[in-house]
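Undergrad: Sharing a structure below in structure tokens format, with a few things to ask.
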Amino acid sequence: MILGRANPVYVALDTTDVGEATALAARLHDDVGGLKVGLEFFARNGHKGVREVNKAGDLPLFLDLKFHDIPNTVAGAVRSVMPLAPALLNVHALGGRAMMRAAQASAQDEAARLGITPPRLLAVTVLTSMNDADITEAGITGPVSDQVRRLAALTAEAGLDGVVCSAQEAAVLRADLGPDFLLVTPGVRPHWAAADDQKRVTTPREALAAGASVLVIGRPITASPDPRAAARRIQDDLAEGAVV
Ligand SMILES: O=c1ccn([C@@H]2O[C@H](COP(=O)(O)O)[C@@H](O)[C@H]2O)c(=O)[nH]1
């Protein structure tokens, strides 16, 4: 689906424990398409921890650090993580056009300097834990779907490779922005899993049908007593076309 792998699921390794993350990465190698490391893991373990996860999992890495600051600072942050060679990296679209352009230029320049493939740079639109009421409370004119559409258009204009959004918005964004724009979708829940703190959710199958490029799934897999079986169940359901 992305980066040459048939499995569109990136598993979110949300833990502070390097041993737990590396064990999950190794165990899930054959059952997911990539690994996602975010703020919880990175804040505790930094580059060293990410290198250990990369080594254990040997899968494409989504470094989900959601940079959001002035252009010069974000460009520096992007430069600083480039030695980790992420396949996917992200910033917040609310940082604006100039910040997103600075991030993209920094990623391209530093990748060239290091002799590595640059990451596909994404921008977060509206967090999948937020609904219409949440963004209204935060002073943003709703509904969420309009805000996601505005920010995705800005992201494309700024020259980034795609967005993080809910799969609830995927069909509209796919129509707006074409087949090559990456739609990376957290908030994915099989029918047998709890929604937790996610508010804009779809099933894995709904997400793919709507045009999502990557499905980010954490707790339904990692909190399962058998993470491998949970990941396989999602894959089997997707492959068979069952409604999950
Ligand atoms: O809008 C967003 C952006 C990022 N995330 C991240 O995805 C995973 C989801 O984990 P689950 O356990 O499947 O809920 C998590 O790491 C978030 O930080 C998101 O959920 N929504």
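Backbone N, Cα and C define each Cβ position, glycine as well.
Annotations for this protein, taken from TrEMBL, read as follows:
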ACT_SITE  Asp64  active site, for OMPdecase activity
ACT_SITE  Lys66  active site, proton donor
ACT_SITE  Lys66  active site, for OMPdecase activity
ACT_SITE  Asp69  active site, for OMPdecase activity
BINDING   Asp14, Lys36, 64-73, Thr128, Arg189, Gln198, 218-219  substrate binding site
DOMAIN    8-234  domain 'Orotidine 5'-phosphate decarboxylase'
Undergrad: Which of the active-site residues Asp64, Lys66, Asp69 has its Cα closest in space to the Cα of Gly218 (substrate binding site)?
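TA: Comparing Cα positions, the closest of these active-site residues turns out to be Asp64.
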Undergrad: Neighbour count first, Cβ atoms within 10 Å, every protein chain included; then name which of Asp14, Asp64, Asp69 tops the list of recorded positions.
TA: Asp64
Undergrad: Which residues, sitting 6 or more apart from His68 (substrate binding site) on the same chain, put a CB under 8 Å from its CB?
TA: Val74, Val91, His92, Leu94, Gly95
Undergrad: Under 6 Å from ligand 1 by Cβ, which recorded positions from Leu65, Lys66, Asp69, Pro71?
TA: none
Undergrad: Around the C-beta of Thr128 (substrate binding site), how many further C-beta atoms are within 10 angstroms, looking at every protein chain?
TA: 25
Undergrad: Looking only at Cβ atoms, how many others are within 10 Å of the one on Gly218 (substrate binding site)?
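TA: By my count, 19.
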Undergrad: Where does Pro71 (substrate binding site) sit in DSSP terms: helix, strand, or coil?
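TA: Once the DSSP labels are grouped into three classes, Pro71 (substrate binding site) ends up as helix.
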Undergrad: Could you tally the C-beta atoms, other than its own, that fall within 10 angstroms of the C-beta of Pro71 (substrate binding site)?
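TA: There are 18 such Cβ atoms around Pro71 (substrate binding site).
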Undergrad: Roughly how many angstrom lie between the C-alpha atoms of Asp14 (substrate binding site) and Lys66 (active site, proton donor)?
TA: 14
Undergrad: Tally every other Cβ atom lying within 10 Å of the Cβ atom of Lys66 (active site, proton donor).
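TA: A 10 Å sphere around the Cβ of Lys66 (active site, proton donor) contains 17 other Cβ atoms.
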Undergrad: Around Leu65 (substrate binding site), which residues of its chain at least 6 apart sit with Cβ under 8 Å of its Cβ?
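TA: Set apart from Leu65 (substrate binding site) by at least 6 residues yet with Cβ under 8 Å, we have Gly38, Leu39, Phe42, Ala77, Val81, Leu89, Asn90.
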Undergrad: Between the Cα atoms of the residue listed as 'active site, proton donor' and Thr128 (substrate binding site), what distance do you get, rounded to the nearest Å?
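TA: Just about 13 Å between their Cα atoms.
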